[in-house]
């Protein structure tokens with residue numbers, strides 16, 4: 001009976017770790033800056049292709065967004081202190 005209790009305690013821990021590892025790395029308070037891809041041509045229908053183009057442009061991610069399906073690249077914003 002003790003092993004089933006241990007298993008039941010392990011499930012929430014594994015779930016939490018999965019969520020933690022799957023979430024994007026981002027410092028608290030840090031915003032993401034977005035820009036339209038310069039190299040993408042045409043409508044954006046496959047976000048994986050958009051992401052690869054954005055990475056080749058120096059961004060960390062890319063997604064198809066908007067009604068007109070543009071490839072939008074993103075990366076963490078860096079704000080200089082005053």
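Using the three backbone atoms N, Cα and C, a Cβ is placed for every residue, glycine included.
Quick look at what Swiss-Prot lists:
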| type | residues | note |
| --- | --- | --- |
| DISULFID | 33-77 | disulfide bond |
| DISULFID | 44-64 | disulfide bond |
| DISULFID | 50-71 | disulfide bond |
| DISULFID | 54-73 | disulfide bond |
| MOD_RES | 30 | pyrrolidone carboxylic acid |
| SIGNAL | 1-29 | signal peptide |
The one of 44, 54, 73 whose CB sees the fewest other CB atoms within 10 Å, among these disulfide-bonded residues: 44
Pairwise Cα distance for residue 33 (disulfide bond)/residue 54 (disulfide bond) [Å, integer]: 13
Close recorded positions near residue 64 (disulfide bond), where close means Cα within 10 Å, chosen from 30, 50, 73: 50, 73
Sparsest-packed of the listed disulfide-bonded residues (64, 71, 77) - C-beta count within 10 angstroms: 77
From recorded positions 30, 44, 71, the one whose Cα lies nearest residue 54 (disulfide bond): 71
10 Å Cα neighbourhood of residue 30 (pyrrolidone carboxylic acid): matching disulfide-bonded residues from 44, 50, 71, 73, 77: 77
Three-class DSSP secondary structure - residue 33 (disulfide bond): strand
